[in-house]
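J.: Have a look at this one before I ask anything.
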Amino acid sequence: MEGDNNYPVLVSCKKLKSEFAGLNKIPITSDNFSLGRGLKNSIVVPFISISRNHCHFKKVENKWTVEDNSSFGIKVNGKTVGKGLAKTLRDGDVITLEVSEEFVYKFTHPSEDEFEVPRKRIKMDDSSASNNIINDVKMKFEESQTFEIKHIEEKIQNAKQMQNTSMILKEQLQTEMNRKILQLESEFALQIENLKGEKNEVERQKTILEEERDAQLATIKHEMENKISELMEQIQKHNESESELMKENNLLKEKLMKEREEFLLELNRENTSKQEMLENLEAKIREQEDVRLKERQEFVEMLQRETEQLRLAKEKELKEIEEQRIQREHALKQELNNIKKNLEDKVQQTEQDKLKAEKMLNEQMEHMKKVSNEDKIAMQKLMKEREDIENKLNEAQTNAAKSLEELRMRVIDRETELAALAAERIQKQAEQSSVVINTLQAQLEQVKSQLHTVETERNTILENICAPDNAGEGSSKQSVLTEMGELMESELQCSVCNELFVEATTLNCSHTFCKYCISVWKKKKKDCPICRAPITSECKSLVLDSFIEKMVQSLSEDMKRKRKDILDNRKELESELARQSVANSDRRRNSADESSEYSDFNDSEYYEEQEEEQEEDDYFAFHPDIYDTDGSGFDSDTYDESAAGGSSGGSAAGAALVAGLGDAYYGGYGRCYRCGARGHWAPGCPRR
């Protein structure tokens, strides 16, 4: 293979685009050099007008030829080569690779026959030689100019040809479009006619139906007129019978009035004195009854006001207790952190002191080894000092351990103090409510004594007056108990099952649920039902469980019975759930031993689906309010909303924002379990 200087180079006649910047100069590097869009060519030109195997540059007997394999043709000096043909190339030939003339190259090949330009110019002897050179230069310049003019003219002609071809194609497309439009119109003409016929048929049926409607209306109108006439006749008969009855009634009234007047005259004659006494007694009784009714109404209003004030005061005190508890918890946490930091600092200091003492002792020991026998006494002193230091270190460690235990005991004492404070607050509230109840009962007894005196006077006068009803003695106490029950149901309630907590479990996001409810919830979703935070930890709240059980013992018998039924039902559900999970795991294990991989996969998938369906059936049997009322199955919106405070797309009542009572607290999420509306909780429900 010859040197690189013997191979020609293709130089672009114009500046190419930035994406083709590497193709401004194409060196031909072999005797058989291929150019095209295909990846197997020697040089790849990624342009649409360039064919895959566009052309080949070949060296035949020290001459270079170009072979045209393109679809649109290659031009050399403005003349097309022709597909499959070859043309010899000379130095300075212009090669146009495609029609749009984007790639126009000049073929440059320094031949071996050309002589080297001498370093020194040869001095011309006569002027004729210089004239010949000038003429040659002029001729070459004219030839190059004529070639450039021809090249520009060919470009213009090619552009005109492209324009003509585009116009012809446009006309062809227009004619083709018109032909297709006519064809479509001819094809769908029958369908249009059929549609018009159907339209006429529909109009005819419409007229027939209108005629039938008019006929039916006429018949109905006639029937209604007949019925109206019959009703009018019946009304006239009824009026006549009513007038006759009124006449008879008036006659009877007149007779009765006459008889009554006669009877009264006889009574007046005989018992004038008795009548006056009875009238006086009746007037007194009426006055006493009016006074009693007024006092009773005032007493009832006063009771209502006091109970409302008590309820509001209890709510405020509960909020204050909760805030104080939170503040005390924060303070205790800060104290614990400070104590831990102090202890860590003390431990580090003791360790540093210990290390320093050991270093000192080691240095002293090394020094003592070098000392003579006279210094043994000083050595013994140092040993004693070392023992003293070790004893001090041990004492410091024991003191640190004692301080840690004391701190733990202080934390436990603080927690017990908090629990005792909460219990004392609750007991004080109960005592205050009992004091109020006692005062109200005393007022009731006073009113009852007054009523008893009035009733004794009445009993002496009239024997048929009944004794007052004594059924309302324990109403105030019962109302307080019911209010406490309602307050517990609204504040200590699981947002999944809408019942008091059963085995209260607090998540990492501080929201609390029943243990069974959250375990069933985690079968489907692994996030909190209220705030949607991922569940990472669970903690059983023993304080809440004990508080609920203690408070339930002081409630009414109905609340105790309801709580006992809920606990029994929950135990049955948990045992059944555990039994089913064990049975399903055994069943899956047996099926895995017997069947192949494919059947094993399908069976395990089937048993998992069966287990999930059974758990859902158990859960919704325990919580029927999550199911649709029309029996259509599971209501996902209701389930998500009841658990997480509601989501979009609920019922009409749940989607509306209804403001609660002015004194009631609302946390800004969830809905009322009484009316289902957002904007308030059950204690502040306006429909209560």
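We count from 1, first residue shown onward.
Each residue, glycine too, has its Cβ placed from N, Cα and C.
OK, TrEMBL features for this one:
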- 33-81: domain 'FHA' (DOMAIN)
- 152-464: coiled coil (COILED)
- 494-532: domain 'RING-type' (DOMAIN)
- 577-615: region 'Disordered' (REGION)
- 631-652: region 'Disordered' (REGION)
- 671-687: domain 'CCHC-type' (DOMAIN)
J.: When secondary structure is assigned with DSSP, how many helix, strand and coil residues does the domain 'RING-type' (494-532) contain?
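T.: The counts are 10 helix, 9 strand, 20 coil.
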J.: Within the domain 'RING-type' (494-532) only, compute the mean pLDDT.
T.: 89
J.: Under the DSSP assignment, what numbers of helix, strand and coil residues are found in the domain 'CCHC-type' (671-687)?
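T.: So the counts come to 3 helix, 2 strand, 12 coil.
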J.: Under the DSSP assignment, what numbers of helix, strand and coil residues are found in the domain 'FHA' (33-81)?
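T.: Grouping H, G, I as helix and E, B as strand yields 0 helix, 22 strand, 27 coil.
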